[in-house]
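What TrEMBL records for 1146-1164, 1259-1291 is compositional bias 'Low complexity'. Summarising the annotation, TrEMBL assigns compositional bias 'Polar residues' to 1173-1211. Positions annotated as domain 'SSD' by TrEMBL: 447-571. The region 'Disordered' annotation in TrEMBL covers 1137-1212, 1252-1300. Residues or ranges marked as transmembrane segment by TrEMBL: 57-78, 408-429, 450-474, 480-500, 521-540, 546-568, 677-697, 964-982, 989-1009, 1021-1043, 1055-1077, 1083-1107.
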Amino acid sequence: MKSRNLERYPAWSDAQEALKYITKGKARGSKVGLWVRGESQQRFGFLGKWAGNRGGLVLFIGIIPLAILCLAIQQILLDTTLASLWTPDSGRLLQELNYVSRVSGLTTDTNEMLIQTPKENGHQSMLNPKALLEHLLVLQKALSVTTDLYEVTWSLKDLCYSANMVEFDIQFIDQIFEKIFPCVIITPLDCFWEGSKLLGPDFPIQIPAFQGPIKWTNLNPQELFMKAKLAGDASVAEFTYEILDGFMKRAGIGSGYQEKPCLNPQDPECPATAPNKGSRTPPDVASIMAQGCFGFAPRFMHWAPDLIIGGTVHNKSGQVIKAGGLMSTVQLMSSSELFEFFDKTWRLHHVEWTEPKAQAVLTAWQTRFALEVSQLTMDEDRSQQFNFYSFTPAGLDSVVESASQFSWSWGIARVVAVVITSAIVGVALGSSGGNEDPDAKVPWKVRMGLVFGGSMVALLGTAAGGGAACFLKIPFNVVSVQVLPYLTMAMVSQVFYILLYSQINSNSDAKSTLKKHGWSLMLGVVSSAVFIAAGALFPIPAVRSLALQGAIFVTIGSFALLLLYPAVCQMVLKRRKAPSPTIRNEVSMKTMNNIKGPGIPLVHVDKKSSEMSKEYFMKNNNVTMNNTSANNTKLNFEKFNEDPAMVDLEAGNQDSCETCAVKSWVDLYLLLINWKWFTGIVLLMYISVVIAAGVGISKLRLGLPITDVVPSHSAEWEFLTAQGKLFPVYHMKAVTKANFDYPSKQKLLHKFHETMSGLPWVIRDDNGGLPPMWLSLFRSWLLRLQEVFDQEWKLGYLHKDGWKEGASADGILSFKLAVQTGHMDHPVDVTQLPNTRLVNGDGEINPRAFYVYLTAWAWNDPLAYGSTAANMKPEPRSWVHNPEDKDLKIPKSAPIKYADITYLLRTSQEGDLPEQHQESQILAFVAEIRRICETFETRGLPVFPWGIPFRFYEQYLNLPMNSGIVLGLAAGMTCVILFFSLGFSLRPVAVVVTISLVTMSQIAGTVGWLGVGLNALPVEISLLGVSFIVFISIQIVVAFCCIPGTVLDRYAVSFNLVGPPCVQSLVLITLTALILYSPDFTFIFTHFTLLIAISSLFSLVNFLLLLPVLMTTIQPQCWLVGFSKIDPTLLAPLTPSPVVKRKSSKSSSGRSSSRSGGRSSRNNYPPPPYNLRGSNFNKGSYHSGRAPTSRTPSEHSLSTITEEPTSCATRRSTEVIVQPQVVVETFDRESSATKVSLNAKFKVEVHSSVHSNPHTCVNTSTNMSENSGTSGSTSSSGSFTSSSASSSTSSYNDKIPAED
């Protein structure tokens, strides 16, 4: 019967065999844990056996699917739009954004902006004529660019937002106003006459009866109007002048720019009406711009100082004395507005005009604008004094897209750096010193080659993970391209470092390695993937992609290593272990001088202290008492040196005298954790660490500056940096939706506007008044008409039958409005005159005719309507008032489904506000405005905020709750997985969860201390960092549960098994984080290079210091423990010992001889001619073939097998049969030494007597199944005297098969 070849720790090496001890009642432990591990070991063992025997086939079969997945990378989907990457794509905000896009067609702002600052480290103020003139020159040339697309030349006039003008249905007048009305440009130059140079028109207007071309530089609108009125063109009705005059007065259009001061009074074109014409004294720019600037329509075009000058410094009286920057903004149409404006026009009749083409036109022109600014700033004189930064949303997306593209040079360089680093770490820290077999030691070149092979498999698995992510349509971004692949290569190194360490240091084959480590590795990979993938619950697309792709990369890369890397190692190592042609059989057993246990320093055993060696032998080798050959204990006898023979009682943990002299870092570490003060010092240290982490957590600030996610030192990054520092002003809109009765709930809308205007962040006008709202201007227009109606009704110009000659245009319009009923069936009712009021006494517009009045206001006061930027949807119906038209019917507009209320918000009054304070201010007004909107929504007003701050910052309002959910779910799922996988035991789960929470708190505290803005990305990176400690802790915990003994011994053995490669992987991850540094993106350094390195260092420290304290404190149960109270590592035999019948000495000797003869006949070997001193063998029995006639029974044995009860008056004897494994060193003259494992059967008989002078006789007979020579020594203590037995060496010429 073939004997079982069990190792010392059955739960670790063969859990199914270990489970039998519990089922047969020979031990106690966790049946579930052993069953789960046993089932997994069976499958991993099959995989390892297949990889070991057919390594080439395994590599071929494994590489094919990985290569197929790599091909899917061609279908990569890149997402490079900041708005889509960092804007939540679920929840309330997504619904609001979809509503705005669906109803209004507006997706983002399309303004073109230019910022001018002094040179770096310059302290000069920008409030001087020279700076403004340079600003004018650059802006004027940049705005003159054109672009050719779709066979059309596009200029600024085609794309910009222009002020609306009243239509007169008189062609030449409408053409004049269309050309003369300029683009809306918010600029500090509007404070001066030079601002008119930006308004054009590009081609001056020629008007009959007027001398010279007309441009805004010489246009006086009021004077022109008076001349036209005096000219008295017969084709122009009197009412037309009256309407135009009223329009100009309401807009505040007067002399235009002719009465504004000139920046250069010596300019020949400076008008004579300028207050400083010809003056040699420069204008006081600071005082002129103190209250802001005004456009050509001052009433509706007031540019607040915060919009045009930034970084201001005020004196004690509040006057601006210094500014650090100037900014101009050109308002462009959105793509939907541009599409609607040119749809069905003659210019594009040859093109299938679509909204994407409109967006292409906008992008092309903005790109030309930015390029022109860049070229202008290269002027030597200008570049030495000022910086100019331009910004366009299209340019921002373009620069992010270019930075997100994969660079082969950078990619190859980083891969090579990671591979070289992994090889250096693998060789430098790969040896465990005293635990490595010196005879099987792998040269550093071979070890480095194996590490290179593992890195290549990791690279292939990572690439396959990328292909799987592409196949699943998970969009890639800059993090997926620039960071994740290289970080994943380092993370999966945890797997191949452990596999390599096991195969080299314990001299195991692929099957044994996967049986021992496969289950724990898979459990660690799954738990790590759970932590990483938990970040997908955040509604941020960039973070979700990072979480899902990270989990996929780690999972596929790790399982690729589990499948392929054992085959690689086995193929290389098996070739090195090939046996030599000739084997020299020379085995000698000498005195056992030293015994080394797991994790315990070598102990010298004196020959006289035989009892000590016996007890140590029993304790450290789990000798099982069993007289049958089916379950004999395996011992390893190995030749360590030529002179002093060493016996190692632990398989795979041999030591040499050379490694004893210099202890490795593992030995020093194990000595450290055995120090009596270790636990106390670690606990005190971690109490301090937790307190420091708590302080750091209290310093956490929410936010992610947009400059962090934009490529550094690009034009867009420079602009955003300057804007955040100098112009902390944000545009926002309060969007009112459908399902709201605007006519009957006007008070609620006014109350909302008053509440919003009362916020400290809202910019008011120069008189401290409320910013305009469409409903307020609408009401003001109607109130003015109501006054005209009342006045002319009293004068008799208006009556129930109509109006008389002399009635004004506004009077006639008010009459038409007053008779409107708002009903479609009978829209006009003159009987309600004069009692009907356009606006009642409560300040509410007549609800019944509300939408009729809206039609009249939108088209007859277009400048006021356009200035509110209400952007109503559906747009009011078209109707232009004609005083000569007797028709009283006015079309009624459709109910409002969408309307904007615009606000300007600022975070500070003074410049140079710290970025952290700005972000806190943004979050404060975002939270407050959202609270106001929710309050009014409960009162019946469906309103929500819209703008950049809400798109990018509102996510932080729910970040604490979302982070708690993500962390709780990750920890909960990991607990469930570990609970069911580790034998329904809470203690190992508690160890993993505790160390994970401590690591998370350390990372969070560090984020607070470093001042990194907290957002979803650092939380996901923290989960990534926690996955490091989760993985390696699971490896230790699983090994700890399989090892019996004291707590410190269990941890020492566990650390020897998996600790060194775990340390290797953490060191590699730390170094890889430094490789990831990218100068293009700030957040890659702050969030990945910095946080990943810190997380891995925390994991390393916690693994080495905190984990042993937790293990010794919580003490997870061992899955297999014996019933012995003295030493629970001792296991009872699986089958009971046979009862030895009491016979005479003769019969006993005969039985012994027959056994030897039978064994010999089965193996075709005669029994060796033993002649042991003290035995009762018949000297002639061997030669005659007869069995010995007698044997002295013994009460004592070298094993722990329970002896049979015997009589005290008789001499007793017992035989013990052990079957150890002998390691034989064989070599020939031409090849290196080779170790061969042999199985030998020893029969040891111990005889004793109960006389007063007892004498112990040890009879050792050997029946070897292979050619061997042995030398043994036994001893006893107590009341017995020691007796030794020796045997002669016999050798045979039979060939001995060698094992790997």
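Cβ from N, Cα, C; glycine included.
Automatic, uncurated: that is what TrEMBL annotation is.
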Surrounding residues of the transmembrane segment (1021-1043) on its own chain - C-beta under 8 Å, 6+ positions past either end: 9, 11-12, 15, 30, 33, 37, 491, 494, 498, 517, 519-521, 523-525, 527-529, 531-532, 534-535, 547, 550, 554, 598, 966-967, 970, 974, 978, 982-983, 985, 988, 991-992, 995-996, 999-1000, 1003-1004, 1007, 1049-1051, 1053-1055, 1057-1059, 1062, 1065-1066, 1069, 1087-1088, 1091-1092, 1094-1096, 1098-1099, 1102-1103, 1107, 1111, 1116-1120
Sequence-remote partners of the transmembrane segment (408-429) [C-beta within less than 8 Å, at least six residues beyond its ends]: 444, 447-448, 450-452, 454-456, 459, 485-486, 489-490, 493, 497, 500, 665, 1060, 1063-1064, 1067-1068, 1071-1072, 1075-1076
For the transmembrane segment (677-697), distant same-chain residues with Cβ under 8 A (at least six beyond the ends): 998, 1001-1002, 1004-1009, 1105-1106, 1108-1109, 1112-1113
Long-range Cβ neighbours of the transmembrane segment (964-982) (under 8 Å; 6 or more residues past either end): 33, 36, 523, 526-527, 530-531, 534-535, 537-538, 988-989, 992-993, 996-997, 1000, 1019, 1023, 1026, 1030, 1034, 1037-1038, 1041, 1116
Average pLDDT across the domain 'SSD' (447-571), rounded to a whole number: 89
